[in-house]
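Engineer: One structure, pasted below without further comment.
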Amino acid sequence: MWICPGGGGGGGGGGGGGDREDARPAPLCCGRCWRSGCAARPPRMCRDGYEPCVNEGMCVTYHNGTGYCKCPEGFLGEYCQHRDPCEKNRCQNGGTCVAQAMLGKATCRCASGFTGEDCQYSTSHPCFVSRPCLNGGTCHMLSRDTYECTCQVGFTGKECQWTDACLSHPCANGSTCTTVANQFSCKCLTGFTGQKCETDVNECDIPGHCQHGGTCLNLPGSYQCQCLQGFTGQYCDSLYVPCAPSPCVNGGTCRQTGDFTFECNCLPETVRRGTELWERDREVWNGKEHDEN
């Protein structure tokens, strides 16, 4: 029993290694490992029972003992193992598809005046003629006459013509920075102002935000109304009704006890759990932990 590297084995079967005279010797092998197995010399193509053609390729033998695989239409490669990449010619503008049979890949040989992977662009395209992208920018052809520049770090603009003034992050408080003609411009979030959006707007300077006698409290980028008793809402614009909506949690029922007061009637299980927590806290307070303090 012989074994070839890569799992090949058996006389005449598929195996590791390639049909090369410099194939490496393998342990437990009677000679060298070839594509067809282990033998003292390489098998002859389309002879010695070695017919490697796939995809209905036909083995053809020459008088000198060599052979090759004759591939059906749509396949190529040494063993017809690749689909013909030129079967559907992608080359445009009179370009010629050139297949690389061994790799199963193809390239386009473009007609004069055209370029691109598929010969889709004219050499009169601005990317070639005027080289519009400045400061090391890369020109990408979008169509026959349009392009887009990818700029190097530190530059911006349609043609990378401006120094990116936003690179130093000058805009504060979550504002958006844009560069126009080498200058930055900050678009501030609501509640902030200034060239760099560094100044908080004091909304409380403008009267009327809080209704029914509510007090305005300025906050960074916003404000809050502190309502008088009997009123609620963002602007103190709603009458306060203690149980609408109910403030009670865990299934408790709200009962209004006065104009501005209420009480929660809790479910028995909730009361029991609350009592257990209270008893545990009391034991901790009266026990060892309290004595150590």
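Every residue, even glycine, has its Cβ placed from backbone N, Cα and C.
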Engineer: In Swiss-Prot, Cys133 sits in a disulfide bond; tell me which of Cys110, Cys149, Cys151 is on the other end.
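Structural biologist: That record, Swiss-Prot, gives the partner as Cys149.
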Engineer: So, in Swiss-Prot, which cysteine from Cys127, Cys151 is disulfide-paired with Cys139?
Structural biologist: Cys127
Engineer: Checking the contact step here: among the disulfide-bonded residues Cys71, Cys91, Cys127, Cys186, Cys188, which have a Cα within 10 Å of the Cα of Cys248 (disulfide bond)?
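Structural biologist: Within 10 Å Cα-Cα: none.
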Engineer: Could you give the Cα-Cα distance between Cys53 (disulfide bond) and Cys80 (disulfide bond), in whole Å?
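Structural biologist: If we compare the Cα positions of Cys53 (disulfide bond) and Cys80 (disulfide bond), the gap is 6 Å.
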Engineer: Cβ under 8 Å, sequence separation of at least 6 from the ends of the domain 'EGF-like 5' (200-237): give me the contacting residues as numbers and ranges.
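Structural biologist: Sequence-distant neighbours of the domain 'EGF-like 5' (200-237): 173, 189-193, 259-260.
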Engineer: What Cα-Cα separation, expressed in whole Å, is found between Cys254 (disulfide bond) and Cys91 (disulfide bond)?
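Structural biologist: Distance between the two Cα atoms comes out at 77 Å.
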Engineer: Mind giving me a neighbour count for Cys171 (disulfide bond)? Other Cβ atoms within 10 Å of its Cβ, every protein chain shown.
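Structural biologist: That number is 23.
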Engineer: Rank the disulfide-bonded residues Cys80, Cys108, Cys254 by how many other Cβ atoms lie within 10 Å of each Cβ and give me the one with the fewest.
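Structural biologist: Counting other Cβ atoms within 10 Å of each of the disulfide-bonded residues Cys80, Cys108, Cys254, the minimum falls on Cys254.
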